[in-house]
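Feature annotations, courtesy of TrEMBL:
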type	residues	note
DOMAIN	A:8-293	domain 'UvrD-like helicase ATP-binding'
BINDING	A:Ala29, A:Gly30, A:Ala31, A:Gly32, A:Ser33, A:Gly34, A:Lys35, A:Thr36	ATP binding site
DOMAIN	A:294-577	domain 'UvrD-like helicase C-terminal'
REGION	A:696-735	region 'Disordered'
COMPBIAS	A:708-719	compositional bias 'Polar residues'
Amino acid sequence: MNPEKLLNELNEVQRQAVVHTEGPLMIIAGAGSGKTRVLTYRIAWLMLHNIDPFNILALTFTNKAAREMKERIAQVVGASEAKNLWMGTFHSIFARLLRVDGHLLGYPSNFTIYDTDDSEKLIAQIVKERNLDKDIYKPKKILNRISNLKNNLIIPQYYDRFPELFEYDEAAKIPEFKNVYSAYVERCFKAGAMDFDDILLKTNELLGTFPEILAKYQDRFRYILVDEYQDTNHSQYIIVKALANKFENICVVGDDAQSIYAFRGANIRNILSFQKDYPDCKIFKLEQNYRSTQNIVKAANSLIAKNRDQLKKEVWTANEPGEKITIYKALDEAEEAQYIAERIMEWHLSRQMDFSNFAILYRTNAQSRALEEVLRRKNIPYRIFGGTSFYQRKEVKDMLAYLRLAVNPNDEEALRRVINYPARGIGQTTLDKLTILADRYNTTLWSICENALLYSRDLGSAIAQKVSDFATMIKGFGVMAKKESAWDVAEHIFKTSGLLRALKEDSTEEGISRLGNVQELLNSIKAFNDKQLELEADNDISLDYFLQEIALLTSADQDDKTDPNRVSLMTLHLAKGLEFPVVFIPGMEEELFPSAMMMNSRADLEEERRLFYVGITRAKKKLYLTFTHMRTRYGRTADCEPSRFLEEIDDEYTELIVPGIRTTGPTFLGGVPNLDGLGISRPYKSNFISSKQTLPPNFPPGIRPLQPSETPAQKLNSPSEPPPQGEFTTDAHPGDRVYHQKFGYGKVLSVEGTGVNKKASVAFDQVGEKKLLLQYAKLIKVTS
DNA sequence: ACCGTGGACGTTTTT
DNA sequence: CGTCCACGGT
Ligand SMILES: Nc1ncnc2c1ncn2[C@@H]1O[C@H](COP(=O)(O)OP(=O)(O)OP(=O)(O)O)[C@@H](O)[C@H]1O
């Protein structure tokens, strides 16, 4: 392909960024400004100018993004060349590197990758062995701290250099933390395992310790590109810096306004220090948004302007104004889901838009349940990304544990998981004995199992035999795994380990589905086999390689071969980098979004706001924001307040829809008895759902459930005067005389806030001054 | 050693 | 509400 043709699809700044191939380069790109396109074309451009793809390293946020970029590049330069690019996530690229050179650090090339579950279990085990209180040394908390430390390259040996770390531990009542950390690191090492953070940490260790290795990769990766640079952590930053140090052909692309992974160590400062690290770097700013309508872009701008910490950017678009953003108030999560499903069907039917045009983006995975239920009921095909993935199911993990053991029997977590599943008479007591023996002889659990017969005195000869038999079986699997294909090994293991038999025994519905899940895993191994043989040059169909691949799948990597015509459901985090014509963001409520955990500091709140910004800017044509009146959480329903973020969007770009009660006749306002607080639930819902008729946009909601703060005394405190005739209003002005169903008559003193959070201070004749959210208050303006 | 049940706890987000 | 773990009975 002619290089010039490539450039025609770019604007001036994009073009400059693509052709500026040498030296450090930073692209600060607004949402939807085509940074992915620049990155893609830049790589194609390099290749068209005879840069060897083997010398190009491109780090993306998901494997899927890498795959898509590769496909696009393949269209330009041909698939056989594009295949040779080093392109993938930090984790998958550097795991690959560690497979080759990790032996220098004492790791086997087939090291296991521990997932969060494995890590937490190991920590729990260590805490137990050390007789520490598991309620204080919570595995989640401990792992989180370890992860933080690793991402900042603070290994246990360095811990002593930072007295403030000990101070923190003392204050947090976990004085033993450092020892737990050390033990964790040691146990992982002995198990031949790395956790997610180790992949980056050990890469740093490798590059930092062995100059010849560093030189090797510096020479290999002459051109380095990093996508989503705002979400790289310190460990990643140091790797990139080291690799780029020789040629300085480094190009990073990012948007500080889309930094949403601080919780896992991402550091916006990496963007800021780029200029310091490379004083002669070139910086390009992309500010024209090609993705969204004017309304969406301007709404997003008005929101993000509320953040104090940000680089200055003017994102604009030449696109049409488009529709306003719809803000909808729902009764509860079921009705919210129903509203969304109805809108999807409406668009689908009236404009022949297939279901892949829609995305529902939520703050927490738990929100997907209510949505799924309604979508399923309405026969709307959907796909959920992330959440509890297939590979996290118990039965699947059990099967995987056997496979892992076949490849690396030192994998302690896998061993613990299946040594007695299915039951073979090796119970907790035995396991504890084995653990003690391993500790006593300073060896691994596996090594004790392997030589169990030598420990008959400690274990009892019957038990020792059972353990030995188990070890023999695993060794057999290991021998097979070295010679045969992943699929052959997996099938053999499934049949002979006893797993198949155990699953078959359970004929409950649950049990059948579990068997099905393991079958599905086997199918995916078969598919992997076939794919490797057909498409990949290396022909690697080993079990080893299969396990590597799946360990580093990201939530976004789900295969999209099976019927792509589906609505996408995912968290806002996972939606980064994607785009959809129509986007729904449900759960726009205080405590949920922003999350209650993120409301306590400015930095946290600003990250939530950026997350919302990311969500808004995923939409191309139309955006719906919905919030509910009440929501079930932990099985208990609670009242909700609209998210503060809703009022932070300039209301010029939004329209609020609040459905009301459809009633017949003129008796409604005066004649319907007030059931508030009497413990009688009015048949509100049926009314609600059938009331799709024309109502004024600001029609107030009907019944408000009892607020927790309402005491019985208050409930009985009804106004003595009769209610006036007139319509509910959500608007009020100082000086207005108003009527409230519970508090009676009063005078508006002042009004604050806007949109759904508009509040009025009212001096009531009977109960004194109250602050009311106008959205809920059901005030009636009295003409007098 | 195994299996059932009750109570505690948890949801923020992910490689 | 659902999951995980500890405990206790078999
Ligand atoms: N020069 C251009 N002309 C027309 N359309 C473009 C141009 N550049 C990018 N686009 C389109 O704009 C949309 C957004 O591009 P892209 O996904 O690359 O943006 P982005 O900067 O990665 O967005 P974000 O940071 O929000 O994820 C895409 O649909 C892309 O095809």
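Positions of Cβ are set from backbone N, Cα and C atoms, glycine also.
Predicted automatically and left uncurated, TrEMBL annotations should be read as such.
Secondary structure at A:Thr36 (ATP binding site), as computed by DSSP, is helix. In the structure shown, across all protein chains, A:Ser33 is the one of the binding-site residues A:Ser33, A:Thr36 with the greatest number of other Cβ atoms within 10 Å. Long-range C-beta contacts of A:Lys35 (ATP binding site), restricted to its own chain and to partners at least six residues apart, with a cutoff below 8 Å, comprise A:Ile27, A:Ala29, A:Asp227, A:Val253, A:Gly254, A:Asp255, A:Leu286.
The DSSP secondary structure for A:Ala29 (ATP binding site) is strand.
Within 8 Å of the centroid defined by the CB atoms of A:Ala29, A:Gly30, A:Ala31, A:Gly32, A:Ser33, A:Gly34, A:Lys35, A:Thr36, the record's ATP site, lie the Cβ atoms of A:Asp255, A:Leu286, A:Asn289, A:Tyr290, A:Arg291, excluding the listed residues themselves.
Between the listed binding-site residues, namely A:Ala29, A:Ala31, the fewest other CB atoms within 10 angstroms of a CB are found at A:Ala31.
For A:Gly32 (ATP binding site), the same-chain residues 6+ apart in sequence whose C-beta sits under 8 angstroms from its C-beta are A:Asn289, A:Tyr290, A:Arg291, A:Ser292, A:Val297, A:Val315, A:Thr317, A:Glu579, A:Thr617. The predicted model assigns the domain 'UvrD-like helicase ATP-binding' (A:8-293) a mean pLDDT of 92.
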